[in-house]
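Data block below; observations after.
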Amino acid sequence: MQIGLDFNLVEDLVAGVDEVGRGPLCGAVVTAAVILDPARPILGLNDSKKLTEAKREALFDEICEKALSFCIARAEVEEIDRLNILQATMLAMQRAVEGLHITPKLALIDGNRCPKLAVPASPVVKGDSQVPAIAAASILAKVTRDREMSAFELIYPGYGIGGHKGYPTPVHLEALARLGPTPIHRRSFAPVRAAWEAREGVTDSLI
């Protein structure tokens, strides 16, 4: 038994659902849904933010190998800008649950809101620190998104995306003001919108 995590919650085809990437200024919001196998326990599950990158990577592979079912889903930047980040996150969570090849009897959602699902769902505040399946989902989502951000570092150099993963750090905000938004920046987010409008103003003044 792992302290702080209730393994009894996985015994009846319960899916844990979590997201990564609501706060960043760029990139998709990534979600995952996981149904763990009680017969194949995974040691060391915890909130992905509390684990080292090496531990997350190792657990990612183990979760994919041992879970009864898992699905990693997303909502793209265009959807975030069109719907807003909350609704886009709910959509991505919905996609993750619908993508499971086994239908869960219950979906436990990290946080205080649930997406509209075809199965019963319940929110669990700080669930990624309490429910093993949610912890597993948080790891799948974070590793997936972090890998994408590292790849974007090569496509859009100068922003430091591989380091801050899109979050509004001073380095990111300075680069955004200096270089302007990229196609993966969320224009509905205030700092990106301000940088975009500033560049449009400069362009207009040159015409």
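Numbering starts at 1 and runs along the chain as displayed.
Placed from the backbone N, Cα and C atoms, the Cβ positions cover glycine too.
What Swiss-Prot records for 12-201 is domain 'RNase H type-2'. The divalent metal cation binding site feature in Swiss-Prot is assigned to Asp18, Glu19, Asp110; the stated evidence is sequence analysis.
Highlighted in sequence order, Val17, Val20, Thr31, Ala32, Met93, Ile109, Gly111, Gly127, Asp128, Ile134, Ala137, Ser138, Ala141 have their Cβ within 8 Å of the centre of the Cβ atoms of Asp18, Glu19, Asp110, the residues recorded for divalent metal cation, and are not part of that set. Cβ neighbour count for Asp110 (divalent metal cation binding site) (all protein chains, 10 Å cutoff from its Cβ): 26. Confidence across the domain 'RNase H type-2' (12-201), taken as the mean pLDDT and rounded to a whole number, stands at 97. Working note on the binding-site residues Asp18, Glu19: by count of other C-beta atoms within 10 Å of each C-beta, Asp18 ranks first.
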